[in-house]
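Quick notes on the structure that follows.
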Amino acid sequence: MTEAVTAAPSRTAAAVRLRGVSKAFGSGKTRLLALDQVSLDVAPGEFVCLLGASGCGKSTLLNLVAGLDKVSAGTIDTEDARVALMFQEPALFPWLTVTANIELALKMRGVPRAGRRPRAAELLDSVHLGGFARKRPHQLSGGMRQRVALARALALTEDDTDGGQGTVLLMDEPFGALDAMTRDLLHDEIERIWRQRALSVLFVTHNVREAVRLGDRVVLLSSRPGRVVEEFPVPMDRPRRIDSTEVASLAAAITDRLREEVGRHGA
Amino acid sequence: MAHDTTSRNDAPPPDTAPGTAADTAAGEAPAADRLNRELAGLDALELGGGTGRRLAQRTWSAAWPMLAAVVIALLAWQAVVWSGWKEPWVLPGPRDTFPVLWDQVTSSRFWKAVALTMRRAIIGFALSIAVGVVIGGLVSQFRVLRRAFGSLITGLQTMPSIAWFPLAILLFKLSESAILFVVVLGAAPSIANGLIAGVDYTPPILLRAGKVMGLRGLLLYRHLVLPASLPSFIAGLKQGWAFAWRSLMAGELLVIIGSTTSLGVLLSQAREFNNTADMISYMIVILVIGIVIDQLFGVLDRAVRRRWGLED
């Protein structure tokens, strides 16, 4: 276990622990190595941003952690945490109302029928959509739909024992399709919910400033195959502003490193 | 819609403020309030106002082209009659036909015939749905079945149903079963295909979301695949109805059972008596029934599309 060196020694517990994770698609000549020996920890309550150019296997990595796909090598340990995944698209079921979408997630978590409606109402309130329970997804704007998707993801981390620990939220460029104004507001929103619920977040993005705005730590991945290139701690107080000079200067440094990495592929 | 969203948007801040104040540090409460307000404001702006037209207006804009089409068709018919191409007793005009149609629709014999025909249509269509759903369900589920029967089902759709009647009559004699057999063969493939297409085109992103939720097996079908395939299934039903109705009319003209009276029987009797006005009346009735039921499926289809936001 030489990879253990990369983990911070003080953290014995990790909400998500990846050790030497590799993932290949296809076989023979068409074999494509998407992830190569990725080792990464997300501490309980930590907000980690995964950053990389196209083809770095960010989404593949989240799929693996979410259990939608199997690793080719290595191990992923989520310590019985409840894992939820959110995509760039809201992916709400159009035939269900907003509340029914969330109630279905609660049902799948084993919440008894009587408890689902009030629980869904609480979750919608927490994303400031309490008044929209009876609407259908298409009646909402893109940002609102994404908040419903967030509420649904939170529903999947619900637990009757009410333990805030051990809930992992995986986010795959969740704000990538939104306009800047909405995105800024949702940054505040996700930060608030993350603190309130003590979530462990693994947040994938290709937007460097967004990563610095949100993360406790930014992990830079290389492309084809995806490897951990470097980790950047973000020692800034919250709340941060995406347009502050501190965020901008760290983002610039990370961008330089990212470009260097991308440049290797052009040679 | 615009009204109730704006009034609701005024509500959230006081509702949610206690919750957020309790779990954030005291100094952050104003910031949380501001976030609430900003989000509510953005929501209100993005939803904007709907441009819902009134029902009367919508009905009229849908109805007048149809009415115009009917008028044009009647004029064309009348023009042919006026041209003197055929003697008026061979091809009567609308003015001679509509009184006959009125006499028909006020007679009990006519309604008995319609009742029998509709009973056959409903039984045949219901059976087609049952067969189509079972076949469609199986074929969409198993790849081997898809390879084996997928193109066969599509092929069956192109087969003129009247070509089945010689076999049907041999198998079932001149009986209700012979008619039913051909109706089901005509309609079931369309219904099966509609279901298969619906299952095939379940958006992959929804399937991913379903898997994240832990939907698997029967639950996946019940909560995701079946609802997702609904629009395509309704389109299949609509097409299936058209095939069922055609097959049924062919069947009623070819398979005449004893002393029963159906629309097909009335139509062939009118031809035997060279009674063109009666014949055209029945044809109009057959056309109207077909259109009305097709429109019902259209209404169903639009209702689903509106609910899902696929329209506009």
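Numbering starts at 1 and runs along the chain as it is shown here.
Backbone N, Cα and C define each Cβ position, glycine as well.
Under the heading compositional bias 'Low complexity', TrEMBL lists B:17-29. Residues or ranges marked as domain 'ABC transmembrane type-1' in TrEMBL: B:114-297. The region 'Disordered' annotation in TrEMBL covers B:1-29. Feature annotation from TrEMBL assigns transmembrane segment to B:63-85, B:121-140, B:152-172, B:178-199, B:219-237, B:243-267, B:279-300.
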For this session: Mind pulling out the one from B:63-85, B:152-172, B:178-199, B:219-237, B:243-267 with the most Cβ pairs under 8 angstroms to the transmembrane segment (B:121-140)?
Result: B:178-199
For this session: Please check if the transmembrane segment (B:152-172) comes into contact with the transmembrane segment (B:243-267), where contact means 3 or more CB pairs closer than 8 Å and the residues in each pair are separated by 6 or more positions.
Result: yes
Problem set entry | Long-range Cβ neighbours of the transmembrane segment (B:178-199) (under 8 Å; 6 or more residues past either end) | 120-121, 123-125, 127-129, 131-133, 135-137, 139-141, 146, 150, 153-154, 156-157, 161, 164-165, 168-169, 171-172, 225, 228-237, 239-241, 243-244, 246-248, 250-252, 255
Exercise. Which listed stretch (B:63-85, B:219-237, B:279-300) has the most C-beta pairs under 8 A with the transmembrane segment (B:243-267)?
Worked result: B:279-300
